[in-house]
């Protein structure tokens, strides 16, 4: 019986406060010309349990590449992304691409390639393991 008490304490102290999910994203609401808004001053905390994704919009125009980034709800982001899919042709003039992602700062610059990624923890793997552990914990609490 004491094992259940320890498990309940562990779940209460470490898992339940973390159920309020908040993500950080890069945000520049106004289009930025040739500035991908990926420096620290553009980092924001998204609205807890509402804005669960980061969104990136890239428009290629004759003047240069325009960027807009923000926090978004998964529904709004996925609808916008799907709606503009036919206009997304990277490298072509007047292309508009909208992408959605759900890991911290995922709408920032592409990470620099550093040798083998086998030793690095991939965010999607970490998220999967985290949710699996949460499910196990809730099943036993």
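Every residue number used here counts from 1 along the chain in the order it is shown.
Keep in mind that glycine also has a Cβ here, set from the backbone N, Cα and C atoms.
Feature annotation from Swiss-Prot assigns disulfide bond to 25-54 (among others); the stated evidence is similarity to another entry. When secondary structure is read from DSSP and collapsed to three states, residue 25 (disulfide bond) falls in the strand class. When other Cβ atoms within 10 Å of the Cβ of residue 25 (disulfide bond) are tallied across all protein chains shown, the result is 27.
Just so you know, the Cβ of residue 37 (disulfide bond) picks up 23 other Cβ atoms within 10 Å once every protein chain is counted. What Swiss-Prot lists as disulfide bond is 28-37 (among others), and the listing cites similarity to another entry.
Annotation for residue 71 (disulfide bond): spatial neighbours 23, 25, 27, 44, 46, 47, 51, 53, 54, 55, criterion Cβ-Cβ under 8 Å with sequence separation of six or more. According to DSSP, residue 71 (disulfide bond) sits within a strand segment. Annotation comment: Swiss-Prot describes 46-71 (among others) as disulfide bond, evidence class similarity to another entry.
Just so you know, the Cβ of residue 100 (disulfide bond) picks up 21 other Cβ atoms within 10 Å once every protein chain is counted. What Swiss-Prot records for 77-100 (among others) is disulfide bond, and it gives similarity to another entry as the kind of evidence.
DSSP assigns residue 88 (disulfide bond) to coil in the three-state reduction, outside any helix or strand. Around residue 88 (disulfide bond), the same-chain residues six or more apart in sequence whose CB sits under 8 Å from its CB are 95, 96, 97, 98, listed in sequence order. Residues or ranges marked as disulfide bond by Swiss-Prot: 88-97 (among others).
According to Swiss-Prot, the feature disulfide bond maps to 101-106 (among others).
What Swiss-Prot lists as domain 'UPAR/Ly6' is 25-108.
For the recorded site, residue 45 (N-linked glycosylation site), the DSSP three-state label reads strand. In the shown protein chains, 12 other C-beta atoms lie within 10 A of the C-beta of residue 45 (N-linked glycosylation site). What Swiss-Prot lists as N-linked glycosylation site is 45, and the listing cites sequence analysis.
The feature GPI-anchor amidated glycine is assigned by Swiss-Prot to 115.
Swiss-Prot lists 1-20 with the feature signal peptide.
Considering only the disulfide-bonded residues 77, 97, 106, the Cβ with the fewest other Cβ atoms within 10 Å is that of 97. Among the recorded positions 28, 37, 45, 77, the ones whose Cα sits within 10 Å of the Cα of residue 101 (disulfide bond) are 77.
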